[in-house]
């Protein structure tokens, strides 16, 4: 619960910090990308705070490189 | 690309601190798991082959100075393939390295030094400083590295000096009892962390003021850090023996706890830990800088600073998602060299091959750059 509140608050603070600067510099595409990236980050944080199981990047690496790695290092045992 | 510049000395210390980075914390344990008593030989093997890798990383820089590896992807692999490859380099390699670093900082601090502090707070504070450094740009990172490097090196040299009295050569005997195979296996697993992740420094190459000395300075810095790593592995083994090192998660911290000079100089392990925070910070700052600049490059944006806060926020759950605990985390050691090698070795090789196939373009560009000088 506190994690969600804290993430939302952090997201608001970051947006308040960054958006005026980008607006002043007339970087419009950059503002959209910033909002998308912030939205993604906040979403991931909220999902994580709700303890929804998320896939580990290591599992993906293991699936791709695991067989090569195991076969390779088996030679040295 | 922005016009900030990094001095020669700054580049050396960044390379040195990057090599020390997070490796110094857990490398002895990782290598001892594979190589046992011969882990120090594996460390030497990794040091020598690591220097070869460092030379290899500068080959692209030699051929195409003033170009980042991301711009080279676009130039040599064509627009769409190049974009996809540079996106993979940034969002798969750099982002993952950054999240592993954050995970290691959090785990180390929470288990060894601040056991009652929630790990998220430690990670948040660390990220806050990294974000500040990255918003300042590459020059800020370089100057910070220059300021902290003497302290890190001083403390590490002191660490090595203070543990000499307690070390016994019998701990590493008999040498090569199990043959050469475990040494090579341990060495190859070690190469991935300090010497393949340092490929992220290719992002910084075009920012160095004197581009003719990049190769030499890169190798000097890497060698300095690599020698310290090899020494630390040796003294960890000579002080505790292979079994204890294999079973501990942070053997270097164990080594620092052992420092005792008379009755008055002891329990200075926290000061040693501060030195590692600095080296971790430099590695993290370079990786995170690369991630933000790379993200801006891939999406064709003019400002990279907008990515600092969202990506820092993204790294917090990502670091926690990697593995449920530190034992599961280190299970990656056997296939991590291949993952890192894809981006650190295969990608530059592919770019070199593409440059050769495309023929004159690269050479003509080089001639133009030479003429401008």
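Cβ coordinates come from backbone N, Cα and C, glycine included.
A TrEMBL annotation is a machine prediction, not a hand-curated record.
What TrEMBL says about this protein:
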| type | residues | note |
| --- | --- | --- |
| TRANSMEM | B:12-33 | transmembrane segment |
| TRANSMEM | B:39-60 | transmembrane segment |
| TRANSMEM | B:80-98 | transmembrane segment |
| TRANSMEM | B:118-135 | transmembrane segment |
| TRANSMEM | B:147-167 | transmembrane segment |
| TRANSMEM | B:187-208 | transmembrane segment |
| TRANSMEM | B:220-245 | transmembrane segment |
| TRANSMEM | B:270-299 | transmembrane segment |
| TRANSMEM | B:311-330 | transmembrane segment |
| TRANSMEM | B:336-355 | transmembrane segment |
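Most Cβ pairs under 8 Å with the transmembrane segment (B:12-33) belong to B:270-299, among the candidate stretches B:80-98, B:118-135, B:270-299. In this chain, the transmembrane segment (B:220-245) lies apart from the transmembrane segment (B:270-299): fewer than three C-beta pairs between them fall below 8 angstroms, excluding pairs fewer than 6 positions apart. Beyond its flanks by at least six residues, the transmembrane segment (B:187-208) meets 1, 4-6, 8, 11, 14-15, 18-23, 27, 30-31, 34-35, 41-43, 45-46, 49-50, 53-54, 57-58, 60-61, 65-70, 93-94, 97, 138, 214, 217-218, 222, 225-226, 229, 283, 286-287, 289-290, 293-294, 333-334, 336-337, 339-341, 343-345, 348 of its own chain at Cβ-Cβ distances under 8 Å. The stretches the transmembrane segment (B:336-355) and the transmembrane segment (B:118-135) do not meet in space: the count of Cβ pairs below 8 angstroms, excluding pairs fewer than 6 apart in sequence, stays at fewer than three. Where the transmembrane segment (B:311-330) meets the stretches B:39-60, B:118-135, B:147-167, B:270-299, the count of C-beta pairs under 8 angstroms peaks at B:118-135. Here the transmembrane segment (B:270-299) has Cβ contacts under 8 Å with residues 1, 14, 17-18, 20-22, 24-25, 68, 70-71, 83, 86-87, 89-91, 94-95, 97-98, 101-102, 104-105, 108, 112-113, 126, 129-131, 133-134, 137-138, 141, 144-145, 148, 151-152, 155-156, 159, 197, 200-201, 203-204, 252-253, 256, 259, 305-308, 311-312, 315 of the same chain, all six or more residues outside its ends.
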